[in-house]
């Protein structure tokens, strides 16, 4: 069915999922989710403000941190308000076009966040393994180009996902397994051949997030090799200490991502609550954890946050 016909009264609508047996506790669940969202907004906005106003933080690592904070804000804002409307006001239906837009934003912003984490790993590699070339390699212009390339790559790789779903008919159950729209979740509701969507979706995930994860691991293998060549243990610990925050941020992003992917691929027999909880963890936990991690590990950010 052409996209133009999707706006008619017969266009498909999808039903958002709620934890079975806890429908009466939606208000409390919404309050908990809203508290996490407000914490994520406050923390990431504080990071953006502190880096902007603190001259000592005007360095590539903290510019990448600002990109990460901006992506976390966009990702959580594209999902949490809609989920809160469902939990608080019972608005459990989402239109086809709105669902595709939300799906595109979630996957694209996740790809951008993965690219920013890879750029931060590359920054740590250059700073530790080639410290004399760090200022020349990662200039302000180079940092800006990396940010633009990260956004462009995310859009180019994940724009085909909603386009592949546009012509599919949806004649089965319209009930989603999450409180928001994801590609595989929507795709499974189609009553037509979804092989192109399956193949392209898997290829996009592997070529973007999968490749980024491999390159991040490779960069840290090179960092560890360079650190082990240092003679003094104090120097080794100091060098690794500069990577601790980034390692925690990478784990906060990739562990929920891998967990959600495993639940999608192999968890069809799991309870519906597992899918819902894993989806909410993937959307909200990184946005909450990232500013906390850098607030704890970076003295300047920690001091400014305490002052605020």
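In case you wondered, yes, glycine gets a Cβ from its N, Cα and C as well.
Taken from TrEMBL, the feature domain 'G-protein coupled receptors family 1 profile' applies to 43-294.
Using a Cβ-Cβ cut-off under 8 Å and counting only residues 6 or more beyond its ends in the same chain, the transmembrane segment (27-50) has close neighbours at 19, 57, 65-66, 69-70, 72-73, 76-77, 80, 83-84, 87-88, 280, 284, 287-288, 290-292, 294-295, 300-301, 304-305, 308. Residues annotated as transmembrane segment in TrEMBL: 27-50 (among others).
Proximity of distant same-chain residues to the transmembrane segment (62-89), defined by a Cβ-Cβ separation under 8 Å and at least 6 residues beyond the stretch ends, is recorded for 16, 18, 26-27, 29-30, 33-34, 37, 40-41, 44-45, 47-48, 51-52, 102, 105-106, 109-110, 112-113, 116-117, 119-120, 123, 140, 143, 146-147, 150, 179-180, 249, 280, 283-284, 286-287, 290-291, 294. The feature transmembrane segment is assigned by TrEMBL to 62-89 (among others).
Away from its own ends, the transmembrane segment (95-122) comes close to residues 3, 6-7, 11-14, 61, 64-65, 67-68, 71-72, 74-75, 78-79, 82, 143, 146-147, 149-151, 153-155, 157-159, 161-162, 165-166, 170, 180-183, 186, 204, 208-209, 212-213, 215-216, 219-220, 246, 249-250, 253, 257, 283, 286 of its chain (Cβ-Cβ under 8 Å, at least six residues beyond either end). The transmembrane segment feature in TrEMBL is assigned to 95-122 (among others).
Tertiary proximity for the transmembrane segment (134-159) is limited to same-chain residues at least six positions away from its ends with a CB under 8 Å from its CB atoms, namely 60, 63-64, 67, 104, 107-112, 115-116, 119, 123, 126-127, 204, 207-208. Among the features that TrEMBL reports, transmembrane segment is placed at 134-159 (among others).
Per TrEMBL, transmembrane segment is recorded for 198-228 (among others).
Residues or ranges marked as transmembrane segment in TrEMBL: 240-262 (among others).
With a threshold of 8 Å between CB atoms, the same-chain residues lying at least 6 positions outside the transmembrane segment (274-296) that come near it are 17-19, 33, 36-37, 39-40, 43-44, 46-47, 65, 68-69, 72-73, 75-76, 79-80, 83, 106, 113, 177-180, 182, 245, 248-249, 252-253, 256-257, 259-260, 263-264, 267, 302, 305. Residues or ranges marked as transmembrane segment by TrEMBL: 274-296 (among others).
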